[in-house]
């Protein structure tokens, strides 16, 4: 028989998990790129990888404190954004898409190769960089919480920090998009030439947007690796596609869309995988194995991306007038 | 900025070589054994004496790891799947006067019923015949040409589709995989002779192209969906199809018949019959496509639609018909390219198309988006670059070079080699 309680509580846990927070923050960064500025960045996985590795390598190889490691990651992502932006921001949108996707793969391959194994751990990745972050934890040892939400002090500390960062990032994005800067950014999305005619330096604004959203992705990459280890195969292009699915689900040019999108995405995905896995065990679906059941989730994400874009391009919260892709 | 980036890259490269030299083999004999449950292991000995610091590389199914033998000559590598792996021993790291005596320094290892597979090399006395740089260069060049030609098949289809519909079709990767999977299904599972299986697979791939257009892209064009949403739809489609393939064929790698043929030696060049046939097929098909585009009515109509759809439509060209033909041709070319790619890799796997998708995109962008002959030139450049770069770069970085070149070309000549300036606006 199917244990519905376990399926629901496993799904509920995803609601506040640090992974959900990391995806929400990465999607918020992408909202700045794609939703507000109209930049097709397909390299968000690269920014996240730089955050994860920047944090882990500077902690492990150079013994940096937490704040230093965070700054190294952000610094790396700013340089990455400049390298991406300089050749492509003057070009048409699909060039940026191809270059960003290529650049993210370059980053992943450089982290995977055996050449830099002493720093990156090549295909095995890195672990053991969490000491500094755990050391800042003010919560006394023990287990807290209720029901499915019962964690030890490190897990709570991680959740509190992760969601506070998400909240601050949302607040910041909301304020900045109401500011004159944000109006120029949205103007670029609507009609680049009109903004240029007003004497604004479109190229520079786009670059600032790329750096800001990339920095969000980088911090998301750090949150992403705090509950797990750094493994290079996590940063494949499908990571970027998952974040796009979240962004499109919530609404591309909204503040809360990415956050709610991430929660809905992970809760539904966990519920779906849990249900299929147990249904297979219970023999309800005789023609697939449990390994195949695990692959169904990717098919679901793929189909969901297609359906949302075709039938509800503005997402859950979006306004149809504020679409990044009117053209 | 770029100079600084490259400078950093080289600095990092030199630094890391230095680091590997000084680090020494502390726990170098075990890699990935904690993480994965399947283990490849071996013992490198010569004349009953263990050899240490011999470099062993394990590669397969997208996974790659290297390990150095310890003082007892032993090594262990954990691998993620119970699949076939290529284990190679770097002869440069053997002591002087010792070589791999028979069986070569590359072994295909396949797991039997157990979780541990031992792989041993037969070492003997002798001197290595080192291949001169020039011979290596020629060899890589021919390989690169072969790779570039098979990329060109896929790239021309992608470029024609982009030219006529404006769609950057990420699901092209799955059209490539589909061809190889169908060839595998008919030749291995159903026992059809391989030449017939290839023809069937190409016809079915053309059918896939046609049906994708009829079921998804044509209705979306009618609906007036913009180009960027279309591109995102193709990404979703690519993800969904890829995992549908995985559900059917699993995560392993299977071989098409004849892929294990021995290499022949033509002077410095080492090629198998399959490589020669692959290059021959690519060249003939590419010539046929060029003839189609340059000389036939439909080919001319295709180029007209590529240039300006509304003008083409106004001059009485059936734009929808042309687009349908482009999808059929694109599907067939992608399927054929997938089969050749399965022989080149070698092996058929569920994500094989996705592995070269970025190279195909790089080729198309290099040549100039939407220009068919640009895609051909771009592909050959990318193919040559990928293979030749292994002369200097470690082989797990060979795709990086091609992708860096893509970014460099966009910096210097954004419209691509054959593209016109107006296209990039």
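Glycine too: its Cβ is placed from the backbone N, Cα and C atoms.
Note: TrEMBL annotation is automatic and uncurated.
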Legend entry - Candidate ranges B:305-324, B:325-344 [criterion: TrEMBL lists as transmembrane segment]: B:325-344
Legend entry - Positions on the same chain near the transmembrane segment (B:179-204), where near means CB under 8 A and six or more residues out: 245, 248-249, 254, 256-258, 332, 334-339, 341-342, 348, 350, 352-353
Inset, instruction - Determine whether the transmembrane segment (B:325-344) and the transmembrane segment (B:224-245) share at least three Cβ pairs under 8 Å, counting only pairs 6 or more apart in sequence. - result: no
Legend entry - Dominant neighbour of the transmembrane segment (B:274-294) in B:147-167, B:224-245, B:356-385, by Cβ pairs under 8 Å: B:147-167
Legend entry - Distant-in-sequence neighbours of the transmembrane segment (B:147-167), which means Cβ under 8 A and at least six residues beyond its ends: 175-176, 209, 217, 221, 227, 230-231, 234, 278-279, 282-283, 285-286, 289, 302, 305-306, 309, 319, 322-323, 326-327, 329-334, 336-338, 340-341, 344, 356, 359-361, 363-364, 367, 369-372, 374-376, 378-384, 386-387
